[in-house]
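Participant: I grabbed these lines from TrEMBL:
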- 29-316: domain 'Sugar phosphate transporter' (DOMAIN)
- 24-43: transmembrane segment (TRANSMEM)
- 55-80: transmembrane segment (TRANSMEM)
- 92-113: transmembrane segment (TRANSMEM)
- 119-139: transmembrane segment (TRANSMEM)
- 146-163: transmembrane segment (TRANSMEM)
- 169-186: transmembrane segment (TRANSMEM)
- 207-224: transmembrane segment (TRANSMEM)
- 244-265: transmembrane segment (TRANSMEM)
- 272-293: transmembrane segment (TRANSMEM)
- 299-316: transmembrane segment (TRANSMEM)
């Protein structure tokens with residue numbers, strides 16, 4: 001029994017329950033982010049390779065359609081973030097340019113999954129910092145410290161070693177994967193250049209709200225001309241086995257939740273924490289994909305991937321130190 005008018009002390013001390021709830025919430029967010037990231041990657045691989053649904057552009061268009069609809073619902077109805085308006089045609093043109101590069105990265109990544117195992121796809125994808133540094137130097141003449149550039153050596157060397165030791169290596173798939181990684185890095189650099197002024201900055205959720213429908217407009221003619229009668233084929237597949245419809249719907253919604261959880265994890269932790277978690281996510285995705293798809297992995301390939309991850313961690317640490325005042 002407590003004294004009259006006194007407060008009952010919390011079991012965990014001052015702020016105990018709220019701190020505990022905050023930790024559980026953060027762990028839940030990170031778990032959701034990991035699950036959606038790895039889930040969409042594995043489901044893309046299953047659809048495009050194992051299931052035999054060989055239409056990566058149409059699949060990407062499904063993703064972008066879901067992102068457009070769910071982004072509007074989350075911002076306009078659920079008020080997840082305040083809606084930011086496009087202020088000019090010039091800003092809209094810049095967003096369209098980013099959307100085109102974004103389309104290129106997602107389509108190329110999906111194409112690569114038709115030919116490459118997820119483990120190798122992730123190894124190549126880990127070289128994003130290398131391409132980011134290259135594009136930043138070319139487009140903004142922004143130079144990093146020599147230590148930062150030195151950390152990129154194991155990043156690239158690791159992928160070269162992994163490529164030589166990959167039993168399922170496919171040249172076209174490798175080129176597509178490199179293209180996807182480079183396009184992802186280019187979008188990051190372009191976004192910093194094109195939407196750098198205070199009046200044009202958009203948070204990632206609002207940027208997706210405008211980019212996704214523009215991406216659908218870009219992808220629709222590409223789907224029609226490059227993946228002949230894909231809608232008719234999908235309808236025929238659905239008549240035989242309706243599972244394909246549920247797989248496409250779930251996969252498309254999952255693609256949106258990758259972006260949503262990415263934003264929420266950054267908001268409730270930090271960009272640096274997200275970067276560290278991202279490095280670990282790649283390793284988790286590799287292990288899970290090998291367990292599910294049973295793709296052969298050589299010791300040389302794993303050593304190469306490990307070297308790449310070490311290089312990415314060193315790069316992140318070097319960037320963190322160079323950004324300190």
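The chain as shown is numbered from 1 upward.
Every residue, even glycine, has its Cβ placed from backbone N, Cα and C.
Any TrEMBL annotation is an automated prediction that lacks curation.
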Participant: If we skip the immediate neighbours and take only residues 6+ beyond the ends of the transmembrane segment (207-224), which ones have a Cβ under 8 Å from one of its Cβ atoms?
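Facilitator: Cβ under 8 Å, 6 or more out: 55, 57-58, 60-61, 64-65, 67-68, 71-72, 75, 83, 86, 92, 95-96, 98-100, 102-103, 107, 191, 195, 230, 259.
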Participant: Determine which recorded stretch among 55-80, 146-163, 169-186, 244-265 has the most C-beta pairs below 8 angstroms with the transmembrane segment (24-43).
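Facilitator: So the stretch in question is 244-265.
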Participant: When you scan the chain for residues with a C-beta under 8 Å from the transmembrane segment (299-316), skipping those not six or more beyond its ends, what do you find?
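Facilitator: For the transmembrane segment (299-316), the list is 119-120, 122-123, 126-127, 129, 148, 151-167, 272, 275-276, 279, 282-283, 286.
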Participant: What parts of the chain pack near the transmembrane segment (92-113), using Cβ distances under 8 Å and only residues at least 6 beyond its ends?
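Facilitator: Residues 41, 44-45, 48-49, 56-57, 59-60, 63-64, 86, 121, 124-125, 173-174, 176-177, 179-181, 183-184, 186-187, 190-191, 194-195, 200, 202, 207, 210-212, 214-215, 218-219, 222 contact the transmembrane segment (92-113) from elsewhere in the chain.
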Participant: Does the transmembrane segment (244-265) come close to the transmembrane segment (119-139), meaning at least 3 CB pairs under 8 Å for residues 6 or more apart?
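Facilitator: In this chain the transmembrane segment (119-139) does not contact the transmembrane segment (244-265) - fewer than 3 Cβ pairs sit under 8 Å.
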Participant: Apart from its near flanks, which chain residues at least 6 from the ends of the transmembrane segment (55-80) lie with a Cβ under 8 angstroms of it?
Facilitator: 44, 47-48, 103, 106-107, 110-111, 113-114, 205-206, 208-209, 212-213, 215-216, 219-220, 222-223, 226-227, 230-231, 233-234, 248, 251-253, 255-256, 259-260
Participant: Would you mind listing the long-range same-chain contacts of the transmembrane segment (244-265), meaning Cβ under 8 Å and 6+ residues beyond its ends?
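Facilitator: Contacts of the transmembrane segment (244-265) (Cβ under 8 Å, skipping residues fewer than 6 from its ends): 29-30, 32-33, 36-37, 39-40, 43-44, 46-47, 51, 53, 59, 62-63, 65-67, 70-71, 74, 80-81, 203-205, 208, 234, 237-238, 273-274, 277.
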Participant: Taking the domain 'Sugar phosphate transporter' (29-316) alone, what is its mean pLDDT?
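Facilitator: Computed over the domain 'Sugar phosphate transporter' (29-316), the mean pLDDT is 91 on the 0 to 100 scale.
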